[in-house]
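*Asks:* The ATP binding site annotation in Swiss-Prot covers Gly166, Thr167, Val168, Gly169, Thr170, Gly171, Lys172, Ser173, and the record cites sequence analysis as its basis. The domain 'NACHT' annotation in Swiss-Prot covers 160-483 and rests on sequence analysis. For 667-694, the entry in Swiss-Prot reads domain 'LRRNT', with the evidence type similarity to another entry. According to Swiss-Prot, the domain 'LRRCT' annotation covers 906-970. The feature region 'Required for the repression of MAVS-induced interferon signaling' is assigned by Swiss-Prot to 556-974. Marked as repeat 'LRR 3' by Swiss-Prot on the basis of similarity to another entry: 749-777. Residues or ranges marked as repeat 'LRR 4' by Swiss-Prot on the basis of similarity to another entry: 778-801. According to Swiss-Prot, the feature repeat 'LRR 5' maps to 811-834. Under the heading repeat 'LRR 7', Swiss-Prot lists 858-877, citing similarity to another entry as support. Under the heading repeat 'LRR 8', Swiss-Prot lists 878-899. Per Swiss-Prot, transit peptide is recorded for 1-86.
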Amino acid sequence: MRWGCHLPRTSWGSGLGRTPQLPDEHISFLIQWSWPFKGVHPLRPPRAFIRYHGNSADSAPPPGRHGQLFRSISATEAIQRHRRNLTEWFSRLPREERQFGPTFALDTVHVDPVIRESTPDELLRPSTELATGHQQTQAGLPPLALSQLFDPDSCGRRVQTVVLYGTVGTGKSTLVRKMVLDWCYGRLPAFELLIPFSCEDLSSLGSTPASLCQLVTQRYTPLKEVLPLMTAAGSRLLFVLHGLERLNLDFRLAGTGLCSDPEEPGPPAAIIVNLLRKYMLPEASILVTTRPSTISRIPSKYVGRYGEICGFSDTNLQKLYFQLRLNQPDCGYGAGGASVSVTPAQRDNLIQMLSRNLEGHHQIAAACFLPSYCWLVCATLHFLHAPTPAGQTLTSIYTSFLRLNFSGETLDSTHTSNLSLMSYAARTMGKLAYEGVSSRKTYFSEEDVRGCLEAGIKTEEEFQLLQIFRRDALRFFLAPCVEPGHLGTFVFTVPAMQEYLAALYIVLGLRKTALQRVGKEVVEFVGRVGEDVSLVLGIVAKLLPLRILPLLFNLLKVVPRVFGRMVSKSREAVAQAMVLEMFREEDYYNDDVLDQMGASILGVEGPRRHPDEPSEDEVFELFPMFMGGLLSAHNRAVLAQLGCPIKNLDALENAQAIKKKLGKLGRQVLPPSELLDHLFFHYEFQNQRFSAEVLGSLRQLNLAGVRMTPLKCTVVASVLGSGRHPLDEVNLASCQLDPAGLHTLMPVLLRARKLGLQLNNLGPEACRDLRDLLLHDQCQITTLRLSNNPLTAAGVGLLMDGLAGNTSVTHLSLLHTDLGDEGLELLAAQLDRNKQLQELNVAYNGAGDTVALALAKAAREHPSLELLHLYFNELSSEGRQVLRDLGGSGEGGARVVASLTEGTAVSEYWSVILSEVQRNVHSWDPLRVQRHLKLLLRDLEDSRGATLNPWRKAQLLRVEGEVKTLLEQLGGSGH
């Protein structure tokens, strides 16, 4: 899978980060601890930051009167307050970044993207769109470090204005944010004063007159005292103009007059134009960031250097970014309050797997060329493996990702429509994505892409908007395919983005048939004229007794209802397609969708499929998940901010259509992985009432074999934890469940009648939660299977405390739980504390004759116990014989099963014993099992030799054959 990185915006847009420049094939960098420079604003304790050779922190200030301008005490204090204010403002992170842990901060974890110097001639070339819009840095001028942006050009001329441009997602906003913080900490000594402006903020002022001094003091009050010195600051004053595409600049003298006075009021756009003209503050340095489509708004004669932000064009930069991000310590608590902190070893393993996948899977490296998608990779891995904040869903991560990149972004600020860039992307890229999902393909030809982009374009104005989208945002969504066998095609930058956009295209109601479009126009026309026509027809009908008029009158009322039914049928068809995609039988034996997503990022260990082999059928199991997630209230609110509102009525009708289809198909028994996908859909939807109605018929929760990560435990608990009806059986066998997961699942386990927890990682610490579960007043468990867990004697003591106060459990399996003599002795001593138990299985626990006999006697005296399993313990022949005799006595009490025989006959429980062996043959110690089977085989042979009954001999021979077959499977001799 292919993904990327991005940082919060507040008013500073989207993007990621910083990498001063590097040679083509080598990245020389040093991760080090550093205080701010001595004497320069010690605002914070030491921070780890990335420094490449040639960083501005190492460059000497320019010659001249540097350091002499703001020497007065008042000016120095004003600058220091300005630095503190900027640090406070630019260090604030949105919620999406705080998820990475309490110590995460932009000034501690940052990697610069590659910046390549470009020339005006390159900017005049026609856009090459996707075919060459790849991450390869073009030959020619070398990459630039931040410290080199204002170095003299190749002709020795001083550079005063630098324009940095890049498509959505390349890291413009984060680069600016980090540059400001660098100045605040003294790592940009070439500039004594830095004044950042957000062009989005300036555009909100419209044409309201304001002078440059007013614009500065309104935003940075401490600078009032240094404004008189601004004109003398020269190149040591740096203006940062971020997001120039938000301003409509007119450099014609007829449109914007000349003005050199910083105190002269004028429209903000005019102030910026005169700054860029070098007519106002001609010596000041200016750094501009913008999108590619708006570079031409500044005449090239006013620009000293152009720099293209090329993202992470080297996988070493991507690896460094992932290492810094993923090594941040988390808070250690999941949504359920359980301690589920990720260990350093687990984080290292994630980073190593991701690094190997970057090296061997070129498509994910192509996606992570955009720093924004590196952010998405980290956010997704954090969601899959770290503690999950309450209410966070996969859909919300993708929606937040788009908000970080597209919030407030318009396609063209000069266009009267003020069309949202995300809205345009949903219509065009969503159409391509949905057509791909419908036809089950992920590779698109250039004709496919053009067909979706140019559909419905009729005017020159629409064509111009399309060209802007192509230059600024198309590379964000689509990337050239670099996989063998598919060169020359395009894919969505990450596969999941295709499914997200397809779902968005549907829930926004953008998919319409020709009949629906015509019907909508007819309804709108009827709505406009219907009332007037109805009034006229009513008057005419009273004057002239024409029978046709009432018919026409009623037809006008019918048209909206017919169209409403058409829309309803369309929603039902979409819901049907979504549910069928969720329950495709072809996907029944796939991994669950969360494991699929993790594997797409981290890769799958083992040999890769040969390029010439036929490809597997494409799977789009995330598409229905995203459809449900986009209908949740939180995601609809965020989408509305992006200019993609989903009406409440539309969301309700879509949800009703989905519920209707889920109610029909959701009752079928699903394989464990598909059942988890079904529950994940409800988790994404975040609607408890909806889930309770759809899942009200669920009686069996079979997740056996599903790897229950902390996230999956959270999903199951949040969806089913609030239900009221009991679950006949909850099967969590072989789920790699640990104590933290067990704690998270407690609300679900309380509803279970039969609970299977065998073959997990539950040790003595898990028995504390099991004890609390058994003592809970709502516990209704009757059968509890804990076999093949390392409970030990310490754990069984806690279990007995729970059983002492429990009134529901009748069947308890402690098969192969490492109890030993100590554990069985404890059971024998405390068994009488419980009065309801009917069956107890303590087979294969390494117990000897003495404690086994003591437990058997305690079981015989128990008021309700009917059956005790003791086979496969370390029993001697004499011990087994004593237990057989005890179980066969006619004094009543529990039956004791210690062998395959009862006297000279086959035990009626022989099939139970051999079934347990068959079921666990691959997880138990083969040598130990062989030894026990040979002892049982000897018992069978002895019993066969001691009986003359031919029927019994035949039964004994049959069981002997079964035992010999098992021995052969284990590699032992059946003789």
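Cβ from N, Cα, C; glycine included.
Provide an account of the burial state, proximal residues and distances for the features listed.
*Replies:* All chains included, 31 other C-beta atoms sit within 10 angstroms of the C-beta of Gly169 (ATP binding site).
Long-range contacts of the domain 'LRRNT' (667-694) within the same chain: residues 391, 393-395, 582-583, 587-595, 621, 624-626, 628-629, 631-634, 655, 659, 700-706, 712, 715-716, 718-720, 722-724, each at least 6 residues beyond the stretch ends and with a Cβ under 8 Å from a Cβ of the stretch.
Each residue of the repeat 'LRR 3' (749-777) gets a DSSP state, and the totals for helix, strand and coil are 11 helix, 5 strand, 13 coil.
Along the repeat 'LRR 4' (778-801), the predicted structure has mean pLDDT 95.
Tertiary proximity for the repeat 'LRR 5' (811-834) is limited to same-chain residues at least six positions away from its ends with a CB under 8 Å from its CB atoms, namely 758, 782-793, 795-797, 799-800, 803-804, 840-848, 850-852, 854-855, 857-859, 861-862, 865, 869, 916, 920, 924.
Note: the repeat 'LRR 7' (858-877) comprises 5 helix, 3 strand, 12 coil (DSSP; helix = H, G, I, strand = E, B).
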*Asks:* By a simple count of other Cβ atoms within 10 Å, which of Gly166, Gly171, the binding-site residues in the record, is least packed?
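*Replies:* Minimum Cβ neighbour count within 10 Å, taken over the binding-site residues Gly166, Gly171, occurs at Gly166.
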*Asks:* Please compare the binding-site residues Thr167, Thr170, Ser173 by how many other CB atoms fall within 10 Å of each one's CB, and tell me which has the fewest.
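*Replies:* Across Thr167, Thr170, Ser173, these binding-site residues, the one with fewest Cβ atoms within 10 Å is Thr167.
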*Asks:* For the repeat 'LRR 5' (811-834), jot down how many residues DSSP puts in helix, in strand and in coil.
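*Replies:* Breakdown, helix to coil: 14 helix, 3 strand, 7 coil.
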*Asks:* Counting every protein chain present, what is the number of Cβ atoms, excluding its own, within 10 Å of the Cβ of Val168 (ATP binding site)?
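*Replies:* The answer is 27 other Cβ atoms.
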*Asks:* Using DSSP, would you call Gly166 (ATP binding site) helix, strand or coil?
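*Replies:* Once the DSSP labels are grouped into three classes, Gly166 (ATP binding site) ends up as coil.
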*Asks:* Residues of the same chain, at least six outside the repeat 'LRR 3' (749-777), with any C-beta under 8 angstroms of its C-beta?
*Replies:* 701, 704, 720, 723, 725-739, 742-743, 783-792, 794-799, 801-803, 805-806, 809, 813, 815, 920, 923
*Asks:* Around the Cβ of Lys172 (ATP binding site), how many other Cβ atoms lie within 10 Å? Please give the count over every shown protein chain.
*Replies:* 27
